[in-house]
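Taken straight from TrEMBL:
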- A:17-56: DNA-binding region (DNA_BIND)
- A:80-181: domain 'CoA-binding' (DOMAIN)
- A:Gly91, A:Ala92, A:Gly93, A:Asn94, A:Ile95, A:Gly96: NAD(+) binding site (BINDING)
There are 2 protein chains.
Amino acid sequence: MDRKRNISMAVIKRLPKYHRYLAELLRNDVDRISSKELSEKIGFTASQIRQDLNCFGDFGQQGYGYNVRELYAQISQILGLSNDYKTAIIGAGNIGQAIANYNRFEKLGFNLEAIFDANPKLLGIRIRDIEIQDIDKLEEYLRSNSIDIGIICVPRVNAQKVCNILVNNGVRGIWNFAPVDLVAPEDVVIENVHLSESLLTLTYLLHEKDEEIEE
Amino acid sequence: MDRKRNISMAVIKRLPKYHRYLAELLRNDVDRISSKELSEKIGFTASQIRQDLNCFGDFGQQGYGYNVRELYAQISQILGLSNDYKTAIIGAGNIGQAIANYNRFEKLGFNLEAIFDANPKLLGIRIRDIEIQDIDKLEEYLRSNSIDIGIICVPRVNAQKVCNILVNNGVRGIWNFAPVDLVAPEDVVIENVHLSESLLTLTYLLHEKDEEIEE
């Protein structure tokens with residue numbers, strides 16, 4: 001693929017949204033779509049869409065638009081979804097269990113291989129046929145099993161320690177739900193889901209609107 | 001407060017992070033901090049920090065730095081956390097239950113008032129002393145109870161319908177976990193947590209690093 005380098009983070013963050021909308025078009029048996037039609041659905045401008053997709057190669061055809069199936073396949077590939085990923089969840093509390101039970105990720109090629117927790121009460125319980133193991137066995141497990149993505153759902157104070165164990169044993173992708181910014185070497189990718197921060201963004205915007213109304 | 005208008009979304013998105021770091025400093029009994037020291041912790045440049053905080057008023061003092069407790073209180077107020085918020089969860093599946101069980105939000109002033117689901121098997125079950133109610137009663141409930149934030153955790157296909165019921169009955173804040181972009185009037189604030197999109201950003205970046213290594 002004639003792929004240009006130095007894609008901006010803003011473009012990268014928009015790609016999964018293209019992927020989601022194209023999946024919906026496929027479900028609705030739409031074969032092709034113009035950047036203008038896609039724009040009306042997705043809410044980005046048509047020129048933004050053309051510019052974004054041009055970063056990755058020469059999709060679309062003047063006067064024809066995009067072939068939905070092809071564009072979906074190519075964006076899937078760009079997103080790395082042509083690979084399968086082995087994942088492990090560390091921390092089987094509320095969020096960890098919710099992620100473990102969420103079957104949508106499997107369809108995208110994410111295979112949950114193991115779950116770890118420190119709470120003795122949880123050990124041995126099975127979530128979708130995967131037994132929760134003692135977190136003390138994480139390191140040993142990683143030495144003999146290759147994991148692509150570690151999903152950190154432990155409390156804030158333990159998150160960096162878990163991250164270190166994962167990284168020192170070859171895990172290169174970290175999906176972090178703990179409300180802390182983890183430190184890792186440059187070749188490790190960390191993606192955070194900071195739920196409290198999302199909620200506080202919501203209250204900020206609500207509060208701002210209230211002030212507008214009061215004025 | 002001498003608050004400037006038209007704060008950029010980028011600044012707004014950084015505020016909860018300041019809030020989180022200042023909370024940690026308070027826990028560690030730190031009284032004051034310079035923008036330089038804060039920069040080392042939080043990872044933004046010192047000039048970025050001064051610029052961000054200047055958007056909201058005249059914090060900090062040359063040569064003294066920021067009074068941690070005062071800055072925390074002011075950022076809390078800016079984030080709208082001086083108010084309490086009444087929340088309701090719609091959809092008590094994996095994510096809905098995880099959010100309901102997460103007690104961190106309560107400490108920030110978010111009080112969960114009600115939980116709704118369509119699954120008859122879940123009705124009557126209590127999560128932290130709140131009984132799961134039939135989603136058919138949501139509209140009736142909202143007519144006699146004021147809810148500030150509706151937390152949507154229903155499947156994609158039902159999310160817009162739930163959003164409409166919430167909005168038509170006075171809910172002005174929507175925290176949306178369904179993988180869909182909701183449509184609502186301008187005076188409603190929608191904040192999305194799109195977990196799949198976060199995961200696909202991670203795989204994109206992993207895939208990109210693999211390619212760098214292969215070259």
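Heads up, the Cβ atoms here are built off N, Cα and C, so glycines get one too.
Structure with TrEMBL features highlighted.
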{"residue": "A:Gly91", "record": "NAD(+) binding site", "Cβ neighbours (10 Å)": "26"}
{"residue": "A:Ala92", "record": "NAD(+) binding site", "Cβ neighbours (10 Å)": "25"}
{"residue": "A:Gly93", "record": "NAD(+) binding site", "Cβ neighbours (10 Å)": "18"}
{"residue": "A:Asn94", "record": "NAD(+) binding site", "Cβ neighbours (10 Å)": "19"}
{"residue": "A:Ile95", "record": "NAD(+) binding site", "Cβ neighbours (10 Å)": "24"}
{"residue": "A:Gly96", "record": "NAD(+) binding site", "Cβ neighbours (10 Å)": "24"}
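Long-range neighbours of the DNA-binding region (A:17-56) within the same chain, counting only residues 6 or more positions beyond its ends whose Cβ lies under 8 Å from a Cβ of the stretch, are 1, 3-4, 7, 11, 64-69, 71-72, 74-76, 78-79, 81. Those binding-site residues from the list A:Gly91, A:Ala92, A:Ile95 that have a Cβ under 8 Å from chain B Cβ atoms: A:Ile95. Note on the DNA-binding region (A:17-56): DSSP counts are 28 helix, 2 strand, 10 coil.
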